[in-house]
Amino acid sequence: MEDGEFSMELDMAVRVVHLACALCRRVQEGLVSADNAQVMAKDDDSPVTIADWSVQATVSWILSEYFGSKNVSIVAEEDVQTLSKPDSRTLLSAVVKTVNECLAEAQRYGLQCPPRELGTSEILEAISRCNSTGGPTGRHWVLDPVDGTLGFVRGDQYAVALALIVNGEVVLGVLGCPNYPLKKECFDYHYKAATPKSSQPCSDTFEKGCVIYARRSCGGAWMQPLVHGDEKLEWPNSASHVRVSSIDDPALATFCEPVEKRNSNHSFTAGLAHSVGLRKQPLRVYSMVKYAAIARGDAEIFMKFARTGYREKIWDHAAGVIIVEAAGGVVTDAGGRPLDFSRGIYLEGLDRGIVVCSGPILHEKIIGAVYASWDSSSL
């Protein structure tokens, strides 16, 4: 990728997301093969694991070391309240161990290792440093350390998402998708659900895992596979260009939606899909991997209509939006307006829901159907 504005920031973001994905893969393997004692519930009953805190600490420490802590503002999902409780000592120790093991491999990704292991207080400080609330001015990194934690805990899809917002505009985004199959034909969750794991054609670790990224005005979106074993990251030499699908016939389009019902109304999207002429069953996918699927051309539509009272957070969308748009797709709210990342940690002023499409023809049909069916819905 050519040099230019924010090229240095993108270089650092891609490397640190690769490193975070390696951390997550190790932790997920342990979670899937053991019990879930290292999974906690947040106030909204959503799960959080040692990977969430460990990734946040790692990304925060590296960005602060490279750009200077006084110059780095990070908006991120996790805080240290749970980790700081007396009964969380075992959990905290696991986070400290995980972070130091991860940072010890930083040189494989072209990053600096710390001169010594980080102590507990340093790691708590790195996590708690991610306390920015964003806003319309200044530079703000936006991090979701493990987007789709429920998918992560279940050995399914999840993403590490990092974006940079400058004066309210997303200027770069990086999505790490450790379990995303590299072959398009493997992106079929209905087949996965109906087929025993032993007979799946895409179970090889070397056939899954990628990082997708984009920078404003740099000519598209790019993808590269995760490194495995003792490999070193060869970036950007191993990157390839990705582009959205050219399908604009609803009958042929693949439609993604969230798995969780608590923040997405499946019945409304089902009715909307029928009225537009979508014929395929929806792929219910955890995390911002849905954005990756649109950008890579593996799906054409992602719709999300949350129930009344749910507020969308910027870290759940920022990286995905710029990547899809750079790959040629369209992202708006259900009123057809661009998403506004300038108003703090929430997407304030969102009109009903979010519509992501591979092109304007499908997008216009979806928006039109929303207007036609909204008044009769229960949202």
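Every residue gets a Cβ built from N, Cα and C, even glycine.
Features reported for this protein in TrEMBL:
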type	residues	note
BINDING	Glu77, Asp144, Asp147, Asp316	Mg(2+) binding site
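Known features from TrEMBL, placed on the structure.
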| residue | record | Cβ neighbours (10 Å) |
| --- | --- | --- |
| Glu77 | Mg(2+) binding site | 22 |
| Asp144 | Mg(2+) binding site | 31 |
| Asp147 | Mg(2+) binding site | 28 |
| Asp316 | Mg(2+) binding site | 23 |
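Apart from the site residues Glu77, Asp144, Asp147, Asp316, the chain places the Cβ of Leu143, Pro145, Val146, Ala161, Ser287, Met288, Lys313, Trp315 no farther than 8 Å from the centroid of the site's Cβ atoms, the recorded Mg(2+) location.
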